[in-house]
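Novice: This is the structure, below, for whatever I ask next.
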Amino acid sequence: MLLMLYLIAITAEAMTGALSAGRRGMDWFGVVLIACVTALGGGSVRDVLLGHYPLTWVKHPEYLVLTSVAALVTIFIAPLMRHLRSFFLVLDALGLVAFTLIGCMTALELGHSMLVASISGVITGVFGGILRDIFCNDIPLVFRRELYASVSFVAAWFYLGCVHFNVPGEQAILLTLFGGLLLRLLAIRFHWEMPKFQYNDEH
Amino acid sequence: MLLMLYLIAITAEAMTGALSAGRRGMDWFGVVLIACVTALGGGSVRDVLLGHYPLTWVKHPEYLVLTSVAALVTIFIAPLMRHLRSFFLVLDALGLVAFTLIGCMTALELGHSMLVASISGVITGVFGGILRDIFCNDIPLVFRRELYASVSFVAAWFYLGCVHFNVPGEQAILLTLFGGLLLRLLAIRFHWEMPKFQYNDEH
Amino acid sequence: MLLMLYLIAITAEAMTGALSAGRRGMDWFGVVLIACVTALGGGSVRDVLLGHYPLTWVKHPEYLVLTSVAALVTIFIAPLMRHLRSFFLVLDALGLVAFTLIGCMTALELGHSMLVASISGVITGVFGGILRDIFCNDIPLVFRRELYASVSFVAAWFYLGCVHFNVPGEQAILLTLFGGLLLRLLAIRFHWEMPKFQYNDEH
């Protein structure tokens with residue numbers, strides 16, 4: 001089930017990456033590259049930082065094909081995307097939580113502590129989007145949108161709490177998925193935001 | 001021969017990096033760093049992603065000296081560079097194809113599949129330029145110029161095709177070099193471009 | 001003593017990172033992430049490039065807690081920061097030299113050459129700040145400020161010179177710290193700058 005979710009998540013993330021590239025008027029090659037970076041970048045950063053080789057897409061290059069196809073399809077159905085926005089927000093939220101879960105599990109399997117596992121989860125969840133925004137020369141959105149990175153953080157610790165209290169694996173995953181999804185959707189609906197820090201100096 | 005080409009390529013890429021840094025008015029240290037990142041960044045990203053240690057410049061730190069010297073020389077001969085533009089476009093095209101070839105070969109030697117080898121080639125070919133543009137706070141040019149990343153992609157698959165059909169190593173390299181160089185120069189001459197994807201929404 | 005210095009350095013760097021994030025109006029989560037990247041990013045880039053696992057913060061996740069707390073404290077004491085600017089410049093200079101020293105030592109312990117050790121020192125010293133500026137979508141400051149990266153470079157070679165001439169370890173560290181700190185503070189006081197390279201073309 002987690003694999004299914006993962007495939008849905010990378011497809012959805014690839015499509016959001018492709019749209020970002022389209023906003024910058026990139027060529028098709030750029031669209032495909034940004035899509036792959038958005039979908040697979042979070043996991044790659046995690047694996048490089050943890051020294052966990054081979055990376056997912058090196059082991060399963062078919063995932064690169066999937067994200068590339070998703071990017072090319074996006075180019076053709078872009079005019080429809082406007083009407084599917086709510087649908088995509090849900091997929092994107094699902095992807096965020098699924099990525100976070102996978103990041104936590106990967107670190108735990110490698111024998112890391114809970115603290116490192118939670119960081120691994122957040123990195124997997126949000127770094128794809130951060131890299132997308134750096135490549136497109138934007139200030140990363142994840143720090144400015146309604147509870148995006150925070151949902152990843154809360155979901156990571158919720159899952160790690162379940163693991164700590166010996167909740168059976170499948171139930172822990174399902175609970176985290178539903179809880180995280182709910183939190184993200186409520187945040188979007190009611191425009192919940194983290195407090196912002198504004199600092200000005202003479203610079 | 002490939003080593004010769006590699007040295008020419010990193011020198012040429014270092015000089016394009018130095019010019020980019022000069023456009024942003026960086027100090028000499030920044031010029032040298034951007035030059036090194038442009039020349040050696042593609043290979044470094046590839047090696048980090050594939051877990052292929054030690055990196056080229058750690059094994060051969062003399063390459064860092066070469067690119068640093070090339071950057072400093074560029075500062076002094078910059079007024080001449082305007083007149084050498086066509087010459088540099090050829091060197092840059094040669095470098096792109098040489099980097100791509102080396103990236104493919106490295107991945108094949110590590111026992112990776114053709115698909116991963118082609119990605120490795122493209123990463124080696126274009127990531128130096130992407131990092132240069134990210135460090136200089138530009139939108140990466142490689143996604144907007146005439147068939148740049150695409151030449152790398154086509155060259156990678158052409159070479160992998162040669163390998164698949166057992167074309168002898170040296171011939172495969174030469175054919176790919178000439179083919180890739182020709183394709184890139186024709187693209188520049190006739191302004192061939194990949195179709196662009198333009199997407200606007202209410203954002 | 002070097003550990004003490006390291007802890008002071010990452011705290012100071014975390015606070016400069018938090019202020020940068022505040023200038024961009026990021027939310028608290030972004031502030032914490034930018035602080036961690038600024039404080040621990042240089043060492044992480046070094047370790048990834050040298051294949052030196054596990055990374056510092058994976059081995060000592062308590063450093064992440066320290067930098068996160070420093071970031072949150074910064075949010076609350078930000079109005080005071082204006083008056084502490086000189087104090088921070090000293091801490092930041094100390095951090096720069098301490099990071100550089102640690103980078104050199106790490107590479108030497110891994111058996112690398114002096115040239116690679118000097119690069120390792122500079123990367124550890126300046127990459128935290130470079131990543132901070134890339135994440136905040138700025139042109140990296142380190143290439144434009146008074147002798148910042150250059151102080152790191154000079155300190156690295158000064159220390160390596162001490163090692164080469166068998167100066168006892170502790171004395172080499174102290175000499176480098178005082179020399180580097182002095183050089184940086186003089187550079188700030190008298191606005192010493194590296195020459196800039198300005199290049200314009202028809203682009």
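From the backbone N, Cα and C atoms, a Cβ is placed for every residue, glycine too.
All annotation found in TrEMBL is predicted automatically rather than curated by experts.
Below are the features I grabbed from TrEMBL:
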- B:4-78: domain 'Glycine transporter' (DOMAIN)
- B:90-162: domain 'Glycine transporter' (DOMAIN)
- B:63-80: transmembrane segment (TRANSMEM)
- B:87-108: transmembrane segment (TRANSMEM)
- B:114-135: transmembrane segment (TRANSMEM)
- B:147-167: transmembrane segment (TRANSMEM)
- B:173-192: transmembrane segment (TRANSMEM)
Novice: Do the transmembrane segment (B:173-192) and the transmembrane segment (B:87-108) come together with 3 or more C-beta pairs under 8 Å, pairs six or more apart in sequence?
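Specialist: Touching, yes - the transmembrane segment (B:173-192) and the transmembrane segment (B:87-108) meet the threshold of 3 or more Cβ pairs under 8 Å.
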Novice: Within the same chain, where does the transmembrane segment (B:114-135) have neighbours whose Cβ lies under 8 angstroms from its own Cβ atoms, ignoring anything closer than 6 residues to its ends? I mean 6 or more beyond.
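Specialist: Answer is 13, 16-17, 20, 33-34, 37-43, 45-46, 49-50, 96-97, 99-104, 106-108, 141-142, 148-149, 152-153, 155-157, 159-160, 164.
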Novice: Limited to the domain 'Glycine transporter' (B:4-78), I'd like the whole-number average of pLDDT.
Specialist: 93
